[in-house]
Amino acid sequence: MGMASTISSSSLVSIFNHFSIRISRVPFHALSLTQSQTNSSASVNVETHDSNHSQLLKSMRDKCKGGSFRNVDDALDLFDKMLHLSPLPSFVDFTLLLGAIARMKHYSLVISLIRDMESLKISPDFYTLNTLINCFCHLNRVDFGFSVLARLFKLGYQPDRITLNTLVKGLCLQANVVEAVRLVDEMEKKGKIVPDVKTFNILVDTLCKEGMLTEAKEVFDVMIQRAIEPNTIIYNSLIDGYCLQSKMDGAVKAFNMMVERGCSPDVFSYNILMNGYCKNKRIDEAMHLFHKMSNKGVTTDIVTYNTFIGSFCRVERPQGALKLFHMMRARGQHPDVQTYAVLLDGLFKNKNFVEAMALFQEMEDNKLYHNTVIFNILIDGLCNAEEITIARKIFYCLPTKGLQHDVWTHNIMIKGLCKEGLIDEASELLRKMDGHVCPLNECTYNTIIQGLLRHNEMSRAMKYLHIMVEKGFSANATTAAVFIELLSTNQADKNIQELLQKSR
C-alpha cells in the first residue's frame with residue numbers, strides 16, 4: 001500500500017504493546033473453568049441454559065441497536081457475561097457490542113477489550129478489525145490503523161469501503177488530506193474499492209475547512225462525473241467553504257446548483273448561507289433568504305435566530321434584533337443562553353441601556369440563565385454607561401448568587417474603575433486577584449497599565465509593565481502606542497522601549 005505503518009503487523013498484540021492504555025482490565029473468567037466445573041455445569045437443565053443464552057444475546061442486540069445502555073459499565077457487564085457463555089457467542093455479537101462501546105466514544109476501552117480477547121486466543125474477524133481501525137483513527141493514531149490494515153491483508157481479508165472511509169477520516173482528522181486523497185486513489189487502483197458518497201463527503205468537507213476550495217471543487221466535480229449524486233451534507237460543506245472565505249457568489253452558486261439538481265436544502269444549508277451573508281454585513285440579502293426559507297416550509301431553529309440577532313447588533317440595528325427576538329418567541333422558539341448573551345451585549349454596545357436592563361430584568365424575573373458570562377456582559381455594559389455604582393454592587397453580589405468571578409469579570413471591573421478614575425480601588429482589586437482569587441492574564445495587566453497612564457500614574461504603570469514582562473506577558477498595541485506617544489514627548493523613561501521590545 002505504501003501507507004502502512006512500519007510497526008510489525010504479525011500480531012495485534014505487537015500493535016497494542018505500542019499503544020499505552022490506562023484502563024482497568026475487565027475480569028474475564030470464562031476461559032479458566034476447571035474440568036470439574038465443566039462437568040458440573042453439564043448437569044444444568046439444557047433448556048434453561050439455552051434460554052438464558054438466547055435472552056442474554058437478545059438483550060445485548062436490542063441494547064446495541066437501540067443505543068439503550070445506561071452507561072459504559074452496563075455494556076462492560078454484558079461483555080463479561082458473554083465471555084461466560086458456553087458456547088461463546090459468535091464474533092458478530094462481540095463486534096456488535098464493541099461497536100456500541102465505540103459509539104459511546106470509549107475508544108481506548110474497545111482497544112483494550114480486543115487486546116484481551118486476542119490474549120485469550122479469540123481471533124478477531126474482519127468486522128472487529130474494522131472497529132479497531134476506527135478506534136485508532138479517533139484517537140489520532142492512524143499509523144496504528146494502517147498496521148491493523150496490514151493485519152487484514154495478512155489474514156486474507158479484503159478491505160471494504162468502511163475500511164477506506166475510516167482511514168480517510170483518520171487522515172483528515174490529522175489534517176493530512178493530501179494523503180487521504182492519495183489513499184483513495186491507491187485503494188481504487190490496487191484494491192478495486194470504489195469511493196462512495198461518504199468518501200467524497202469526508203474529502204470535500206476537510207478540503208473546505210483547510211481553505212483548499214479549488215481542490216474541494218475538483219473533488220466535487222469528479223464525483224459528478226462518476227454519476228455519484230451529492231447529498232445535502234456535501235453541498236453544505238461546499239457552501240460553508242465558500243462562506244468561510246467570504247466568496248458569497250460561489251456559495252450562492254453551490255446553493256443554486258443544489259436546488260437545480262433536486263437536492264432540497266435543509267435548515268443547515270440556509271443557516272450556513274445566511275451566516276455567510278451576515279458576516280459580510282449583507283443583512284438584507286440574509287433576511288431575503290430567511291423569508292424564502294420560511295416560504296419553502298423549512299423550519300427555522302435557534303441557530304438561525306441567534307445568527308440574525310448577533311448580526312443586527314453588529315451592524316448597529318438593535319431594534320431589528322429585538323424584533324427578531326420577539327418573533328422567535330411568538331413562533332414558539334425558546335431563546336437559549338446564547339440568544340440572551342448576544343442580545344444583551346448588542347443592546348449595551350449600541351447604547352440601548354433601557355432595553356438592555358429590561359431584558360436582564362426579564363431574565364431575573366424568570367430565573368433564566370444565571371451564569372458568569374451574562375453577568376460579565378451586564379457589568380461591562382453598566383461600566384460603559386458610567387453606572388459604576390450599580391456595576392460594583394452587582395460585582396460583589398455574584399457569590400451570593402452562587403457564581404464565581406472569573407478573570408474576565410475582574411478585568412471588566414478593573415477597566416470600569418480605571419475609567420472612572422478610581423485607580424486605587426482598581427489596583428487593590430488586582431492585588432486581591434493575584435494568587436488569591438484567580439490568575440491574572442495579559443489583558444489584566446494591559447488594562448491596569450492603560451488606566452494608570454490615562455491618569456498620569458507613570459511610575460505605577462512602569463511597575464506593572466516590569467511585572468508583566470517578568471511573567472512573560474506582552475504589551476498590546478494600545479499599551480505600546482500610549483508609551484511610545486509619551487516617549488515622543490519626553491514624558492517617559494527611555495528604558496521603556498527596551499521593555500516593550502522584551503514583551504513582544
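Just so you know, glycine gets a Cβ as well, placed from its N, Cα and C.
Per TrEMBL, the features are as follows:
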type: REPEAT; residues: 125-159; note: repeat 'PPR'
type: REPEAT; residues: 160-194; note: repeat 'PPR'
type: REPEAT; residues: 196-230; note: repeat 'PPR'
type: REPEAT; residues: 231-265; note: repeat 'PPR'
type: REPEAT; residues: 266-300; note: repeat 'PPR'
type: REPEAT; residues: 301-335; note: repeat 'PPR'
type: REPEAT; residues: 336-370; note: repeat 'PPR'
type: REPEAT; residues: 406-440; note: repeat 'PPR'
type: REPEAT; residues: 441-475; note: repeat 'PPR'
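Confidence for the repeat 'PPR' (231-265), expressed as mean pLDDT, is 96. Outside the repeat 'PPR' (160-194), and at least 6 residues removed from its termini, the chain residues within Cβ reach (under 8 Å) are 1-3, 130, 133-134, 136-138, 140, 142, 145-146, 149, 152, 202-203, 205-207, 210, 212, 219. Counting residues 6+ beyond its ends, the repeat 'PPR' (336-370) has Cβ neighbours under 8 Å at 302, 305-306, 309-310, 312-314, 316, 318, 321-322, 325, 328, 377-378, 380-381, 384-385, 401-403 in the same chain. Broken down with DSSP, the repeat 'PPR' (196-230) shows 26 helix, 0 strand, 9 coil. Counting residues of the repeat 'PPR' (336-370) by DSSP class, helix then strand then coil, yields 26 helix, 0 strand, 9 coil.
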